[in-house]
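Student: Before we start, here is the structure in question, set down as C-alpha cells.
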C-alpha cells in the first residue's frame, strides 16, 4: 500500500503545468484503485479472523468437554468410595490437559495480536494516505469500514482468553491464579534479548580465545613427557568436541531464526521457554573457559601440587553434573527436555520417534569420536591407579576389541532402531527401511576395521590383510550411500523441477544459492576425507591420533552445515512427515517481526521486504500463487492495475 501511495505522488502532474481539475482527477482515479484494494484486503482479514475464531471456539468446547468428563469420572469414583476429600484429577491426564490448554492459550494470544496488528496497519496506512494526498478520506474510511468490520468489533477472542484463564485457574490449578498464569504466560512478541546475556557471551568468548592461546603456548614449552600430553589430549578432546557442537548449534539457531525456518515448531519446543542462540553460545563459552582452565591446571599441576590426572576427571564430572542436576536452576527446562529426548533415543525402538529424537541421534553419529574418548576416559580411570603418570593404556585403545567397537556402533544402532520403529508405525518400506540400510553399513565398517586391527600382526604387509580390503569396500559403500541420502533425501536437492535454482530445488530459503553449492561440495569432501586419512596414516606421514584430532572437529562442522539444510527441507516440504499439528507457514513471524512491521509502517523510505537481505532480494522462484500484488510500475497512473486474488488468505 505504501508503494501504491508513493507511486501516486510521483506520477502526479506538476501543479504549475496543469489545471487543478487534472490533479484532482488523477488522485480520484488513484483513490478508486486504492480503496478497492483496501476493501479486498479487509475482506480477507475478516474471513481469516472469522475462520480462526470459529476454530478456536470449537477447540475450547472440545477441551472443556474433556475436562468436564474427567471431573465427572473423578466425582463418581469419590462417591463410590464414600469419601468427602477434595477432588484430585489423575496426574497424567491433568498434565496432558494443562499442556493442551497452554498451547490453546498461545493460539488465542496470537489471534488477538493478529487482530490488533491489522487494525494498527490500516490506521497507519490511511493516516499516511491523508498526509501524502492532503485529504481526510482515509480517516473517514477508517471509521466507516475498518472500525465497523467484524475483526475489529468482535470481542469473542477476549472472552475466550478470559474463559481459558478461569478454567485453568479454577479446575486445573486448584484456584491458584498465579500458578495458572505462569503456565499460560506468553512472552511479548517484541521481546528482545537481554543485553546482560550478550555481554556474557562476549566476555567468556574473549576469555576462551586468550586462554586457548595460553594452553597452546604452555603445551609447546612445557617440560612434560610427550606420552603424558598425548594421553591428556585424548581425555580432553571429547569435552572440547561437545563445546564446539553447542556453540555451532547456537549459530544454527541464529541462521534458522533469521531466515524464517521455524525450528521451534519443528522441534515442538515450548515457545514460551526455549534457549536462544545467545544462551547456547554463552553456555559453550563458559564451558570453553572451564576447559582451558582445567587443561592449564593439568599442565602446571606440579606447581599447583595437584595430581595431574585429577583435572580431566573433574572437568567431566562438572559437565555431567550440570546436565543431570535435578534442581530447577541452570536452564532446567532445556536440560530436562534434552534428558527426555536422550531417554527416548536410547530406548529405541520402544518409543514413538519424533523429530527431536531422530535429529539428536543423527548429531550423535557425528560425535562418535567424543563417545570413544569418554569410553577411553572411563577405562583409563578404572584401570590406572596412578594419577601422576599415564602408564600403559593399550587395553583402553588399541587392544580393546569389544567395548570400543560397541561404543562406535551405538549412534548408528540408535538410528537403525528408530528407522525400524518408523517403518512399524507407518508401514512404509521407503524411506524407512532404506534409511535403516544406510546405518547398517556403519556396522560393517566397524566390524571389518576391528577385524583388520585384530589380525594385523599376522601380515607383514598391511595390504595382504583381507579385512583391510573388506573395510575399504564397506567404507566406500557407506560414504556413497550416506552422501546420496544427504543430498537427495535429507536436503531435497537435485530436484528435476528446480527451475532457475540449478541442481537445487524449486523453493529455497537461504539468501543465495552459493550456500547450497558450497554445502554440496563440502559434504562430499568430508564424507570421503577418511580416504586421505587412511593414506596419510598408513604411510606413517601423520599419526592416527593427530589425524583423528583433525577430522573429529571437521565432522562436527559437517553436521553443523547439514543441520541448516535438513531443517529447511523439513520446514518447506515436511519431508520426514514429522510435522507438529500447530499451524505453519513458509516464513513465520518470529519474535521480532511485530516491531519490524510497525517500523515499516512509519518508515518514510518506502517498503522493506522481509525476504531481502542488504537490499537484495532472495534468489527464489516465486510460485504463481505467491506472486506479488504490486509489481514494479513504470507506466502512468491511469494505467496502474492491482492484481487482487480475493480467494487467497493472508
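Backbone N, Cα and C define each Cβ position, glycine as well.
OK, TrEMBL features for this one:
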| type | residues | note |
| --- | --- | --- |
| COILED | 46-73 | coiled coil |
| DOMAIN | 1-143 | domain 'SPX' |
| DOMAIN | 395-599 | domain 'EXS' |
| TRANSMEM | 201-221 | transmembrane segment |
| TRANSMEM | 241-259 | transmembrane segment |
| TRANSMEM | 280-303 | transmembrane segment |
| TRANSMEM | 309-330 | transmembrane segment |
| TRANSMEM | 342-361 | transmembrane segment |
| TRANSMEM | 436-455 | transmembrane segment |
| TRANSMEM | 467-485 | transmembrane segment |
Student: Would you mind giving the whole-number mean pLDDT across the domain 'SPX' (1-143)?
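Tutor: The average pLDDT of the model in the domain 'SPX' (1-143) works out to 86.
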Student: How about the transmembrane segment (309-330) with the transmembrane segment (280-303) - do they touch, taking at least 3 C-beta pairs under 8 Å (6 or more apart in sequence) as contact?
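Tutor: Stretch pair touches.
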Student: Could you give the residue numbers and ranges of same-chain residues that sit at least 6 residues beyond the transmembrane segment (467-485) on either side and whose C-beta is under 8 angstroms from one of its C-beta atoms?
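Tutor: Here the qualifying positions are 435, 437-438, 441-442, 444-445, 448-449, 451-452, 455, 523-524, 527-528, 530-531, 534.
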Student: What is the three-state DSSP composition of the domain 'SPX' (1-143), stated as helix, strand and coil residue counts?
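Tutor: Summed over the domain 'SPX' (1-143), the classes give 121 helix, 0 strand, 22 coil.
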